[in-house]
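Read through the structure below, which is laid out as structure tokens, and then see the notes.
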Amino acid sequence: MSLYKSIFIMLTMCLINSGWGAQQHKTNYREKEKEVLDQILGPGSYDARIRPSGINGTENNPCNVHINIFFRSISKIEDYHMEYSVQFTFREQWTDERLKFNDYGGRLKYLTLTEANRVWMPDLFFSNEKEGHFHNIIMPNVYIRIFPTGSVLYSIRISLTLACPMNLKLYPLDRQVCSLRMASYGWTTDDLVFYWKEDDPVQVVRNLHLPRFTLEKFNTDYCNSKTNTGEYSCLKVDLIFKREFSYYLIQIYIPCCMLVIVSWVSFWLDQAAVPARVSLGVTTLLTMATQTSGINASLPPVSYTKAIDVWTGVCLTFVFGALLEFALVNYASRSDMYRDNMQKKRRESELEHAAALEAADQLEDGTTFPMVKPLVRDGLSKDKRRCEVHMPHQERRSNCCRSWLSKFPTRSKRIDVISRITFPLVFALFNVTYWSTYLFRQDQDNE
């Protein structure tokens, strides 16, 4: 038994010693990362002020930097200041031969840094930027990955407010092109060249919701610029936004149509209802003017005429025309009253004069001719009918219009009746012209 016990103890000790030795010889790759970083970024081995070499380590060729952007959100597109705000992840990748390291058989895939000043960085800036900031909650949203081949990937989350010059001639039936421009500030194309990444250079989050706009598509392009100090590499991405028309249809176009139609109600009111017609016309005119002012307050003052200006201007003209129509009706009504009074007085004087002459004739002769006037009238009516049979068709049509208008004895009533037909017809013709013109121009711009 003592022999077996001693053998068991010896085996146990051997196993413990072998395990401890294996633990001693196991490589700690986190420590290796520190050693590699100290080796490649040491004070005597790397200088972040010197740009990397070109392709295949050539000194004369420029350093190529590949750009990739991932749009996370577009918070606002403001017409008045002609700007838009966007949040995106910006990535750029280049090769620095000085940062090559041993990956220990694939054990070290890449090294991660959070301090951008430890390595050389391209001096890229956003040329159309107004405001911007980095994100530091909870930690700074930035990292640098160094790969064994010397490839460097820099990624950072940025929020920018960018200038977006807009053409508002077709507003609100327009499309706007807003650009994001990136260029080198100090390095010319002899030293630094930017390229878009070959696969998916620009990515957009799936659930992107924009206020009053829809992102139709985006295009990437190059925009190198030449100045007195040299040629600088530049990239741009054009975001094409289509304005959502339903909002403006509900908020602007339908209310304006309703105000114009309400102003026509005065044509159906009695011409003697002066307070009702005046208050209706003035109220619709002031409401339309307030609506127009509210629309212009949200837009920049531009030197050209916008589509919305044409619409509000014509609607305001129709409302103002309805108010002027009542002024004309009121003037015609007073003129009709004055004319009727004068005709009444004239008929009374003629009757008195005719009665006096007839009385004088009867006193002299004692005879009268009562059937002369009816015969003359009958003869005139027969000649009139005979002439109407031989009238041309156009003249008969005009006579029909005159006979229809003759149903309304006063000029003021005729003006109201004509306005009831003319105003809606002209407004309908304007709508056909307006929508066909601007929708056709919208399709042309889309092409």
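Any Cβ shown, glycine's included, is placed from N, Cα and C.
Between the stretches 80-99, 120-139, 280-299, TrEMBL puts its transmembrane segment entry on 280-299. Within its own chain, the transmembrane segment (417-437) has Cβ neighbours under 8 Å at 260, 264, 267-268, 310-311, 314, 318, 321-322, 325, 405, 408, counting only residues six or more beyond its boundaries. Under 8 Å from some Cβ of the transmembrane segment (311-332) lie the Cβ atoms of residues 252-253, 256-257, 259-260, 263-264, 266-267, 271, 274, 277-278, 281-282, 284-285, 288-289, 291-292, 295, 410-412, 415-416, 419, 423, 427, 430, 434, all in the same chain and six or more residues away from its ends.
Sequence-remote contacts of a segment are chain residues at least 6 beyond its ends whose Cβ falls under 8 Å from one of its Cβ atoms, and for the transmembrane segment (245-268) they are 172-173, 212, 276-277, 280-281, 284-285, 287-288, 291, 295, 308, 311-312, 315, 318-319, 322-323, 325-326, 416, 419-420, 423-424, 427.
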